[in-house]
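K.L.:
Once you've had a glance at the structure underneath, I'll fire off some questions.
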């Protein structure tokens, strides 16, 4: 039987299956952070159970850490208690922890790949919905709830229903200044936020094959915003080059054996997908969200759609409420909208490739006086590399705050957040009401679009900046 990549990964990890029951899958890698793990560890200890395979469990502090300093007290008492609990639990069960003072601390979905902990062919889980990021390596990676975190800690397995397979081919030619963030926002606009329910999405096509691993991670990171369980991309030479010589990858002969196996991780020719979509992005422009879900997005030179354009009454009502919350009106151009804050960071867009692109845009320019702009590297390694290249000096000279690593303003769980009705150009992945702070208004954009917005104090087509750089 010809199989999709998802089916291959799923079937190869079944350890027990009984008729009319969800199969039990073996989990190769369990990633843990401070927010969704305390209850799981507490329940585990109350039942006198242990972590079954601590060497396949890695932990970090990211969600509620302060990125202003490395003080465990900076984000409040609850955050401090959660971080202290993680230290205690990792010490007790001998789990590798990248804590606040570890040079490799960072966002869980950044440090896994950059350390070579994430590998093709794995099943990977974490108590975080954007675990789908790791699917860029040809891994079956998905978020789980706290009770499931406990189950994986105790058994290294998890009950999982079989899902359907969706195939999205992305083809065409892209203009300078168009990024993976623009691509995935456009895909979400075309397919909607619920099209992926019950599916794992495999991305392919000539565009995907040309993307770096950082960009592929952005695609898979936001597959969850279509309602999918995960996104996945078959590993190839780009994947292998990225992983080569990273700390936790196989070494010596084992590396060659791993490559041989990883090359088999692709959908069979003729494998049947439950849904397939071909998306041409040849004329794609930079994307900016205007509403309160990622599908409410337009090209920078377009205007916000009129409510009459929605045939579905539910979508029309959703758009109406989104505009009310965002303080916008149908027919408006986002180029006319001023912003107060810029956030460049998150597990979607905080890697070294993102920061290099931002530096090119802001070099020898100044952040608008009315804008508070922060750049938050995704990990200690990203921060060190950026500083080695002098990017931090470019950012600071331009008026950006250069921070320590963490999730920061992606979510209102730490000391970085929006105030009521503050408008933010953000490189994160969700623009829900209150996501970045109560009453805060989030516009999702690429790193270079966010950088340009910081300079001008409003949204602009970043391609005009690229064109001026070429002259």
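Along the chain as shown, the residues are counted starting at 1.
Placed from the backbone N, Cα and C atoms, the Cβ positions cover glycine too.
Pulled these from Swiss-Prot:
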BINDING   347, 407, 410  [4Fe-4S] cluster binding site
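Are these features on the surface or tucked inside, and what are their neighbours?
P.N.:
According to its DSSP assignment, residue 407 ([4Fe-4S] cluster binding site) is coil.
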K.L.:
Between the binding-site residues 347, 407, whose Cβ has more other Cβ atoms within 10 Å than any of the rest?
P.N.:
407
K.L.:
Long-range same-chain neighbours of residue 410 ([4Fe-4S] cluster binding site), Cβ under 8 Å, sequence gap at least 6?
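P.N.:
Sequence-distant Cβ neighbours: 343, 345, 346, 347, 426, 428, 429, 430, 435, 436.
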